[in-house]
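Everything on this sheet refers to the single structure shown next.
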Amino acid sequence: MNTNNQSPISPIFPLSSPFTFIKEKYGNKSGKGILNFLFKKRMELNDKPNGGKWYGTKSSYEINEKGRSTEDVYQMTFQSKDPIIPISTPEKAPKKKLSTIGGHGHGVPVEHPTSYGETLMHLLKGNVGSGIFAMGDAIKNAGIILGPIVVLFLGIICLYCQHLLLNVAKKMSTKTAVPSSPDFAETVGLVFAEGPPRIQRFSYFMKRLVNVFLCITQLGFCCVYLVFISENVKQVMDHYGYHMDVHIHMAIVLIPVLLTALVRNLKYLAPFSTVANILMSIGLLITVYYSVQDLPPISERVYVAEVNTMPLFFGTALFAFEGIGLVLPLQNEMKKPKNFKRPLGVLNVGMGTVIVLYILMGFLSYLKYGDSIKGSVTLNLPQTDVLAQSVKIIISLGILLTYPLQFYIPVDVIWPVVLRNIGDLKYPVAGELIFRTILVLFTFVLAEAIPFLHLFISLVGAVSSTALALLFPPVLHLVTSYSYGELTFIQIFFNVCVFICGIIGAITGTYESIYSIVGAFQNYQEG
């Protein structure tokens, strides 16, 4: 029996006189000193062997090396994310640059940050893929005069949106003092969380929505790459008498794709991007060589196409500028991130090059082949020429080496979620390699099982890619400017115009995809 009428569980200090207890134990301290004492006591609880969880709760509250929470939601009774008075705690600067891809990385420091040239290679490879060979068909649906002008306009809008995203991410990183640069999804979450009270409740949902869009878009392109490579290889092999089903080609292609997808570090992916860019450049040069032979006069082509074909143009052109998901990760991985967005930085130089390439390829392809231009201009090249046949192999190799870069983002988004659910692994690297293998096999199964996969991916991409590239950035900029009291009429005007363009792109892209799917199924049933 307790004769002293005291609680059997002693509190941190006597509940009747906490400040007297602190003054007796630690001397006369200011209010800030008392808060420092409370903060240290809270840290002591987190250092207990229970893995940093509060006793008697179901919270998953954890502390990183800087004493900050790694969770978005607190389930404790006391739910304060920030102290009332800023508390200075001693921190040691990390010896190595922390991984900032997705704000999560792979749980290990980034020991190999990328240089200006390596980052430029990644940016070019992330934006120049199989879509560039479809620009002739896109220009056909807009007109040889109007088409290049609209491609230039769309490219500038996409570049503008990428700069908006970079500026918003920098402001949120400075305002919230996050330990690492936020990625696209985390930027969206921070903007809504720090925005007007009416939208703060949507921060968690919007963050997850962006991650879903990113994963759907990138994995969708990975699936299309498998189909693209297999069909091009099959055409070449069939021409030389080696006839095999396209699914067998796809199974063979899976082996090198899987090996490249197991590379975990952007630094080590740089050689892949370099080689892929060289191969794609060779393929483009050969294609341009055939396209400039015996060119007809421009007067034989349609200057401005009919209005009813414009949705097909928008659907193809907008998919060409889908690299916004790479912008923040690539900047965060650089040795000198400031070199990414300066006037002659990676972003402006890279995207300027991409815009010029798309306009040049689309203009020449349509001028050369006119209304007979096919979905990929390589299909218009002479079938009997060895050089023309080599283009398909060269481009297929370039696309194969692009797969791991597109694959990097969904892995970076999904793998941390898997880790949080299964807990710490004894062999984390082996666990990630197994996860990567499973995800590659998932894209392979989809590519094998679903007919007309690339058309269904286009339908999803019409919503997700357009939302990421043209809808989220202006909204984020408007909310951030409003929160900082910097909103002006010019900002409202430009951002609303960009948002309207995004809505038009989403609608027309969806129309183009559904139109193509219906036509493909009709041809399939008739055949």
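The chain as shown is numbered from 1 upward.
A Cβ is built for glycine as well, from the same backbone N, Cα and C atoms used for every other residue.
All annotation found in TrEMBL is predicted automatically rather than curated by experts.
For reference, TrEMBL has these:
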type     : residues : note
DOMAIN   : 112-514  : domain 'Amino acid transporter transmembrane'
TRANSMEM : 145-166  : transmembrane segment
TRANSMEM : 209-228  : transmembrane segment
TRANSMEM : 240-263  : transmembrane segment
TRANSMEM : 275-292  : transmembrane segment
TRANSMEM : 312-332  : transmembrane segment
TRANSMEM : 344-367  : transmembrane segment
TRANSMEM : 387-409  : transmembrane segment
TRANSMEM : 429-447  : transmembrane segment
TRANSMEM : 453-472  : transmembrane segment
TRANSMEM : 484-507  : transmembrane segment
Contact call for the transmembrane segment (145-166) against the transmembrane segment (312-332), three or more Cβ pairs under 8 Å: yes
Interface check, the transmembrane segment (312-332) with the transmembrane segment (387-409), three or more C-beta pairs under 8 A: yes
Among the ranges 209-228, 275-292, 387-409, 453-472, 484-507, the one whose Cβ pairs under 8 Å to the transmembrane segment (240-263) are most numerous: 387-409
Segment proximity, the transmembrane segment (429-447) to the transmembrane segment (209-228), 3 or more C-beta pairs under 8 Å: yes
Best-contacting stretch, by C-beta pairs under 8 Å, relative to the transmembrane segment (453-472) and drawn from 387-409, 429-447, 484-507: 484-507
Tertiary contacts of the transmembrane segment (484-507), as residues 6+ beyond its ends and Cβ separation under 8 Å: 154, 157, 160-161, 164, 171, 314, 318, 462-463, 466-467, 469-471, 473-475, 477-478
Beyond the flanks of the transmembrane segment (429-447) by at least 6 residues, Cβ under 8 Å: 106, 219, 222-224, 226-227, 250, 254, 257-258, 261-262, 264, 407, 410-411, 414-415, 418, 453
Within-chain partners of the transmembrane segment (387-409) [C-beta distance under 8 Å, separation at least 6 from its ends]: 101-102, 122, 125-126, 129-130, 133, 214-215, 218-219, 221-222, 225-226, 228-229, 232-233, 235-236, 239, 253, 256-257, 260-261, 263, 266, 269, 272-273, 275-277, 279-280, 282-283, 286-287, 290, 325-326, 329, 378, 381, 436, 439-440
